[in-house]
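Chemist: Have a look at this one before I ask anything.
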């Protein structure tokens, strides 16, 4: 879908549908007032009849109003001005998009510039609006024999004042890149595990390298992984016929002297739990256990499209966790790339086993900050549900930057503690560390495990187990999170 920004009067635009705001108490917005005057009071007459009160969620379609070039005018309730937050604003925009799709017109124009969203300037409000529109058009029907009919709606014009046009256009550019990144992430996550395996993800990385010149891509096979001494990473994939892959993608958009930022993604393309087998119910959703790697792919795509002036290295630890005669057993001890030994008490705590070696590998790039992203623990879903990602780390400054980015992008995270006392739960009588810490504080002890491999750089861990996908029902599927948060963090660093 194409988004266009214009600073013209709404009554002069020839469009299939013109959308204007009506506040609670039948209060006409600026654009609605202009249209009402031109149409001889047609809008106020409809409102006086009580057809629309202006509450959030209400809408009314008017056909062929006199003296207007628009074929239709859609009145949309926006509630009380002082009470409109991010969530109701998104609901309003989603409702508009649903209505526009149903009308069948090829274009529409939104004259909603006067809407005030709490805590957001023109840029922030437009970002939210544009991301909602573009992401709302997402369809995944690759494996349907009956494809969805092509959408008639091809273009949406956003009206704004001349003074704000540059900021609104910047917001739209950022939003489109982020939405494209989210779409890429969702596509990868929604693919079935018989297609999306570690080798396939390596091929996706190489394809991205061909699409964007200047992106350096290296895919390390299982032989190289073993030679490097990544005993923990290798152990996770050794029970599968699908070999593991370590994917390294480097983008150098900044100065040569600038240290890179590093994103490390967990890429378990299917997680049975291994010998510590998961229950059968809902196991199909374990194809989403590569959501961390998928979100790194999506964030990188957004960065590449925006050509951000930063240096970025992306490291994806990809494997399939399967039971077999050659699979890792509970009680096995492995040696990590860092030299630390790990007693594997539960083979279903495999995400941290691939990430620890990837974090150690990231150290060679001398990064100024490392963020790992993983669908790591069910405990995070218990703690935070499906609305908020868990956030832990060893740098207060980095944590604050990510929290701020999440708030700005409406893709929130919440910090959990990483106190030394939790480290004791990982003690092992046979190795340097155990891979699980008992039933208490599962998200925290998982991050404590990772922290042992992140002592030499600023590090943060995003647990996206509750936010990477939606379970069950018609809305089941990958969400594309936390691409908005990560991209906003990098936009802030690039000051773009």
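Any Cβ shown, glycine's included, is placed from N, Cα and C.
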Chemist: Of 271, 427, 432, which does Swiss-Prot put in the Mn(2+) 1 site with 348, 350?
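Modeler: Looking at 271, 427, 432, the one Swiss-Prot places in the Mn(2+) 1 site next to 348, 350 is 271.
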Chemist: Per Swiss-Prot, which of 241, 289, 372 sits in the Mn(2+) 2 site along with 266, 271, 350?
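Modeler: Candidate listed by Swiss-Prot for the same site: 289.
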Chemist: Among the recorded positions 266, 271, 289, 348, 352, report those whose Cα falls within 10 Å of that of residue 278 (active site); none is a fine answer.
Modeler: 271, 348
Chemist: Here are the active-site residues: 278, 352. Which has the lowest count of other Cβ atoms within 10 Å?
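Modeler: Selected from the active-site residues 278, 352 on minimum Cβ neighbours within 10 Å: 278.
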Chemist: Out of 348, 350, which of the binding-site residues has the smallest number of neighbouring Cβ atoms within 10 Å?
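Modeler: Across 348, 350, these binding-site residues, the one with fewest Cβ atoms within 10 Å is 348.
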Chemist: For a quick check of packing: other C-beta atoms within 10 Å of the C-beta of residue 271 (Mn(2+) 2 binding site), how many?
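Modeler: That number is 26.
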Chemist: Should any of the binding-site residues 266, 271, 289 have a Cα within 10 Å of the Cα of residue 348 (Mn(2+) 1 binding site), which are they?
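Modeler: Of everything listed, what lies within 10 Å of residue 348 (Mn(2+) 1 binding site) (Cα to Cα) is 271.
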